Each structure stands twice: as C-alpha cells, then as structure tokens.
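What follows is one structure encoded as structure tokens, with my remarks underneath.
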Amino acid sequence: MLSTNLIIYKQLEAQASNRMQKSISSQLISLNSLTALAFAANFLITQIHFQLSPQILALSCLTICVIPAYQFIKTQKVNVLIAAVSGMAICLFLCTAANASSTSALFMAIVFSVTYNRNPNFGWRNNPFSKVAIVALVWTLTTVLIPLLLANTTVDLPYLILRFGLFCLQILLFEIADLPTDIRNTRSIPQLFAARFLKLILAVCAPILAYLLEDGVFAILLTAYLLFVIIRTKPGNRCFADVFVEAVPLFYLILKWIALF
C-alpha cells in the first residue's frame, strides 16, 4: 500500500512538474513576443526619425535574431530552433544587405549578446554596471545604428547616445522589478543603491531624455509616461514591468506616428 501511494505521489509530482515547466515555457514565449514587439517598435522609431525606406527597415529587422541570445528559453529544442532561425536570418542579412560597417556592428552585437549570460568567469551579466550598458548597447546597435549604416546615412552620435540612455532607463526599471528574485551572488545596480534613490535619479533623467528627443507636447507626453512607469515600478512587480516598461517604445512610436499628421 505504501509503495503504491509512493508511486502515485511520484506520478502526481511528475505531472505537476511538467505542468509547471509548460507554464514557465509559455510565459517565456509570451515575454519574448513582447520583446519582439518592442524591438520592431524601436526600428520604426528610427525609420520615422531618419525617414528611412521600408526596404532598409525590412532588412534591418533580420538582426532581431541577436536579441534572444541573452533571453534563451531553458528548453533544448527551443534553443536549437532559435539558433537555426537566427543563423538563417544572419546569413540572409549578410548575403542581401550588409556592407562592411553594418557587418562589423552586427558582429559586435552578437559577441556582446552571446557572452552576456555565460559562466561567472566570463559573462557581462555578473557585473552590475556592464550588464546594463551591454544590453543597452546591443539594442542601440541593432535598432538604431545598423539601419543608419545600411542606408548610408550620416550617423547622428547625440541621437545614438539619447536612445542608448532611454534603453538604460528601461533596463534599470527591469532591474528594480527583479530585485527580490535576484540570486545572492548576482549583483545588480539596485542592490548597490537603494531602489528609491535609483528611481529618483531616473525620474530626474526621464524629462531630460524626453525633451532632448522630442519637442513640445510630445516631449511632455513622453515624460509623463516615463514618470508613470518609474513611479509604479516596484521591487517584485515584474508583471507591471513586463507590460508597461516593455511598452515604452510602443508608446514612443505612437507619438512619432501622431507627429506625422
């Protein structure tokens, strides 16, 4: 009887574990979908700002394969699928559109992204300052710099720095939301500085970024949304961050679209 109960218990435990793994996998897929939307929105912001052609936008979007390198789903089959799709996208990009400068930028983004979440001896994620800068740099390279290089457009360095700063702001908000779940030996900026102090700094930087990126009422609206997400982002409130912080480029894109009319 005892052995039968033990077998039943193990079966139930295995079923619960499978359900949990499926739930986690589905959540990660949903989060990666939101990340892909944010990625596309950042491309469109760059296209509108510099009036790039749709062809340049379409070719640039192939670099989306760089982003999942530091967000791999912990399932071997999915990792293989991501690697295969990413490899094909990179090959297509290099064969159809790439020039020397865009290839160099893409290679740099791939190196930083792939080495981001590796072992403690070699991984950008283990340094609280470099991991924020590296992720922001990867997004800046892929969604701002590479489209400009493909279009042979003059690179606007101040604009690159501003977009980099906006990416850093979003990443730091995610860091605050992740604070309670951070592993003890994983250092983050909110662990080094109080979350409230960090949010205060971000609240000061947000209007500066907004007014340097946009003018008039659009700067006011962008500032209002940034302050909203800064105030509402709290340690442990990852669900809010996954939706509203991830939606910062979507909101910014809507403002850019409205400004066209």
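Cβ atoms are placed via backbone N, Cα and C, with glycine included.
The transmembrane segment annotation in TrEMBL covers 28-50 (among others).
If you look up TrEMBL, you'll see 56-73 (among others) marked as transmembrane segment.
The transmembrane segment annotation in TrEMBL covers 80-112 (among others).
According to TrEMBL, the transmembrane segment annotation covers 132-150 (among others).
What TrEMBL records for 157-177 (among others) is transmembrane segment. Cβ atoms under 8 Å from those of the transmembrane segment (157-177) belong to residues 42, 46, 49, 132-133, 135-137, 139-140, 143-145, 188-190, 195, 198-199, 202, 205-206, 209, 212-213, 226, 229-230, 233-238, 240-241, 245-246, 248 of the same chain, restricted to positions at least 6 beyond its ends.
Annotation comment: TrEMBL describes 197-228 (among others) as transmembrane segment.
Tertiary proximity for the transmembrane segment (240-259) is limited to same-chain residues at least six positions away from its ends with a CB under 8 Å from its CB atoms, namely 31, 34-35, 37-38, 41-42, 44-45, 48-49, 166, 170, 173-174, 176-177, 214, 218, 221-222, 225-226, 228-229, 232-234. Annotated transmembrane segment per TrEMBL: 240-259 (among others), in sequence order.
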Go through the chain and flag residues at least 6 beyond the ends of the transmembrane segment (197-228) whose CB is under 8 A from any CB in it; none is fine as an answer. 158-159, 162-163, 165-166, 169, 172-173, 176, 189-190, 244, 248, 251-252, 255, 258-259
